[in-house]
Structure formats: structure tokens, C-alpha cells
Amino acid sequence: DLMQFETLIMKSGVWYYGSYGCYCGSGGQFRPQDASDRCCFVHDCCYGKNGDIVCGGDDPCKKQICECDRVAATCFRDNKVTYDNKYWFFPAKFPPQNCKEESEPC
């Protein structure tokens, strides 16, 4: 859940990453701005490969979604030093021309 995710990354996931760089938050796209933003790119790619899956019980797809979250949380934690406040609310603070370089494919 979100609280466990935030504990692992040692930051508030929604507050710090809900609108960070070009990729974190809703509708992420274009080239990630730094290693923290890249964590969101990798997480989105992981979910994209698995589709919008809602699973329960011992279903293996639930395990894969949890693995996407685990990898992302570890990525955020390991790259916490790259977090740069200039990218916080980046798309909102700056015009979208800052997020226009295409990202590599997943």
C-alpha cells in the first residue's frame, strides 16, 4: 500500500513524486529529467507491460504488480540524493516545452 511504499522510499510518495519531472505523476511522458524521474519511467513501463491488472488471492499477476512497486520503491530510495526541487511540480511550474524530448521506448 501507499504507506509501505512511502516508508521504503523515506519520502511522501504523493507529495514528492506526484508531479515531479516529466514522468512522475499522471500521464508521464517524454525524457526523464534525472534518476528520480527515471524511476517513474521504469515503473510506468513495468505497469505497461502488465496492463491494467486487478488481481487477488495467489494470482501471479498480483505478484508481478507488487514487484513493479518494489522495484520502483527501491529505485526512489537508492536515487533519493538525485531528487532536485527544481523538478518538483515541474510541468506545472514551467511550460510543457521543458518536457518535449522523446523518451526511449520501454
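For all residues, glycine too, the Cβ spot is worked out from N, Cα and C.
Marked as Ca(2+) binding site by Swiss-Prot: Tyr23, Gly25, Gly27, Asp44. Its Cβ taken as reference, Gly25 (Ca(2+) binding site) is surrounded by 17 other Cβ atoms within 10 Å in the chains shown.
Counting every protein chain shown, the Cβ of Cys40 (disulfide bond) has 21 other Cβ atoms within 10 Å. Marked as disulfide bond by Swiss-Prot on the basis of similarity to another entry: Cys24-Cys40 (among others).
As annotated by Swiss-Prot, disulfide bond applies to Cys39-Cys75 (among others). The secondary structure of Cys75 (disulfide bond), as reduced to three states from DSSP, is helical. For Cys75 (disulfide bond), the count of additional Cβ atoms within 10 Å of its Cβ stands at 19 [all protein chains shown].
Positions annotated as active site by Swiss-Prot: His43 (among others). The number of other CB atoms found within 10 A of the CB of His43 (active site), across every protein chain shown, is 21.
Annotation comment: Swiss-Prot describes Cys45-Cys106 (among others) as disulfide bond. In the three-state DSSP classification, Cys45 (disulfide bond) falls within a helix. Other Cβ atoms within 10 Å of the Cβ of Cys45 (disulfide bond) number 16 in total over all chains.
Taking all protein chains in view, 17 other C-beta atoms sit within 10 angstroms of the C-beta of Cys46 (disulfide bond). Annotation comment: Swiss-Prot describes Cys46-Cys68 (among others) as disulfide bond.
Classification of Cys66 (disulfide bond) by DSSP places it within a helix. Sequence-distant neighbours of Cys66 (disulfide bond) (same chain, six or more apart, CB under 8 Å from its CB) are absent. The annotation disulfide bond is assigned in Swiss-Prot to Cys55-Cys66 (among others).
Taken from Swiss-Prot, the feature active site applies to Asp69 (among others), supported by similarity to another entry.
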Subject >> Neighbourhood of Asp44 (Ca(2+) binding site), C-beta criterion under 8 angstroms, separation at least six >> reply: Tyr23, Gly28, Cys106
Original post:
What same-chain residues, at least 6 away in sequence, bring their CB to under 8 Å of the CB of Cys24 (disulfide bond)?
Top reply: Tyr17, Gly18, Ser36, Asp37, Cys39, Cys40
